Amino acid sequence: MSVTVIVGAQCGDEGKGKMVDLIAQDYDLVIRFQGGDNAGHTVVNQYGTFKMHLIPCGIFNQNAISLVGTGMVVNPDELQKEMKQITSAGMSVDNLKISTRANILMPYHRDLDELNEQSGGMSIGTTKRGIGPAYAGRATRTNIRFGDLAHQDYLKSHFEKVLPAINHQLSFFGAAQYTVDQLCEYCSNWYKLYNEHIVDAFTLIHNMMKENKRILFEGQLGVMKDIDLGIYPFVTSSNPIAAYAAVSSGIPARSITSVIGVAKAFSSQVGDGPFPTEVLDNCIVSLRGTGKNIDDEFGARTGRPRRLGWLDIPVLRYAHTINGFDTLAICKLDKMDSLPEIKICTSYRYQDQILSVFPDTEILGQVKAEYETLPGWECTTRGVNSFDDLPENAKSYIKRIEELVGVPVKYIGVGPARSDVIIR
């Protein structure tokens with residue numbers, strides 16, 4: 001039995017979608033285990049170019065089951081758009097399954113998210129997709145789940161209980177309110193759309209484990225956005241770490257046989273929060289591109305330009321400590337082809353002392369990044385399919401990352417497509 005987890009080792013946007021698309025070709029079940037449609041996984045393969053927000057990137061292996069997992073909050077309307085994107089490319093979604101326990105992100109969740117951001121009281125630059133309110137609803141047990149869609153009487157009773165408080169919040173902002181009949185109609189329509197896809201995920205996963213099937217878990221965002229261990233409060237509302245793959249799916253933690261951490265060859269971040277290695281001059285900013293190319297540094301969901309900086313080794317070490325990476329995938333090495341020299345942040349300095357542990361948010365905003373400088377390679381790595389064929393300075397850069405983090409780099413991305421990966 002093989003149970004592999006792929007997670008982001010930075011702040012998201014590392015290239016997880018591409019790596020899942022590649023690695024999922026050898027798996028029987030691919031599970032998105034947390035998050036919602038607030039971030040996207042970009043995939044480029046023989047079927048076309050796709051920006052996936054909810055559906056696991058394993059959907060492109062038509063012989064595997066792709067599961068929208070229990071730990072997710074799912075906007076049914078956005079899910080339908082993605083399904084149409086897949087079928088329009090000539091693929092089937094018959095292998096797409098949805099956990100009965102996956103929470104449904106309702107229209108009022110999005111309303112509340114946007115209203116909270118607009119109020120300016122505690123704006124952290126969210127995507128306004130309703131993720132925070134949906135996870136809050138899960139914690140307060142006011143949400144409904146996909147399994148509930150089959151029970152109209154229960155839904156009516158549930159909304160009669162919870163809707164007054166929700167409408168009270170909406171009225172505070174002067175926003176439009178909802179009726180019970182309106183929400184029940186939404187649910188009736190969603191049930192017609194998804195009835196054949198809804199499954200008992202717990203039983204499905206355990207049955208496949210008993211059959212020694214290969215299972216791949218796909219995380220969203222990255223460890224630095226973890227609600228508990230990330231750069232709080234500039235975080236998401238779930239746990240995009242390897243351990244949560246087991247927690248949200250109901251499998252023993254020891255069932256996980258390998259963890260792959262995905263990182264970019266540099267650093268990026270969308271939204272607010274401390275960013276010790278951020279660079280504002282043209283050297284790094286030129287890597288962003290214009291937004292016209294699929295691999296330019298703009299958010300897959302929001303289209304916002306990403307903040308950019310040098311590779312941050314303290315972040316990768318921290319991510320490794322939390323997740324226990326067996327291997328790393330370093331993506332977008334090709335984006336650095338034009339740089340004459342490359343810096344790596346090896347440590348943080350705070351009040352004239354080198355920090356030995358990863359700091360809390362307040363201190364992180366005050367640290368000074370300590371760098372070492374390596375020569376660039378100033379030639380293209382696009383089209384290279386062997387580590388030995390990389391420029392010497394590019395190989396040295398990868399080896400230095402391995403030395404500093406203490407994890408072998410198995411995968412190296414040198415372009416946006418599934419085929420643009422060197423496997424060592």
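Quick reminder: no glycine exception, Cβ is built from N, Cα and C everywhere.
Binding of IMP is attributed by Swiss-Prot to ASP13, GLU14, GLY15, LYS16, ASN38, ALA39, GLY40, HIS41, THR127, ARG141, ARG304, and within the candidate set THR203, THR236, THR361, THR373 the record adds THR236 to that site.
In this structure, LEU333 (GTP binding site) is part of a helix by DSSP. Look at LYS18 (GTP binding site): DSSP puts it in a helix.
The binding-site residues shown are LYS18, THR42, GLY303, ARG306, VAL414; of these, the one with its CA atom nearest the CA of THR127 (IMP binding site) is GLY303.
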